[in-house]
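J.: Annotation source Swiss-Prot lists ATP binding site at 10, 11, 12, 13, 14, 15, 16, 17, 18.
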């Protein structure tokens, strides 16, 4: 039996991770936050003294990355790294290492290994285009740059961190440009992906829409 896969791709701070995690919970499917793999690699490299542009060393590290997802947390070398990988600096590093072809190739099979029964919901930049091209349902989830910057700003302030809205906005614009321009797996909406703009939607509304589309796909036998 083919394991159903829902891919949710989109730009930074679009809310795709929150939506994907809730869809997975509602369906009792496995969940893969692919972006966390790149964040973990950036963090691992920083701790190991590997530069974020050292492609051969990063590819070797990616192939042997000691990572585990369990109990709602992300573990690196046996330690909970869930908070460490969310630092803004590590997010920028993840975008840089993720632009390297050898790194993406090294992490490709590791991501596919998460596809197990009863199903998988995964989010990232190239889940529907590269990692799971035959996914049951592909979503391209986005929101305006202004809305994404506002959400990220509120998130950081809520954590008690200092945050500059203008700087966050610029970082998002820069990351969008980097993601769209990279030579391997550039961020783009696939022709067979449903577009979900969450600028004016709540999280619950976005989750409900994904579930509605999934039910339609299942009913049509695709």
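Heads up, the Cβ atoms here are built off N, Cα and C, so glycines get one too.
Bear in mind that the values here come from a model prediction, so they are computed numbers and not experimental data.
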J.: Cβ neighbours within 10 Å, counted over all protein chains: which one of the binding-site residues 12, 14, 18 has the most?
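T.: Ranked by Cβ atoms within 10 Å, first place goes to 14.
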J.: I want to check the contact list for residue 10 (ATP binding site): same chain, sequence separation of six or more, C-beta distance under 8 angstroms. What comes out?
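T.: Expected: 16, 123, 125, 139, 140, 141, 142, 187.
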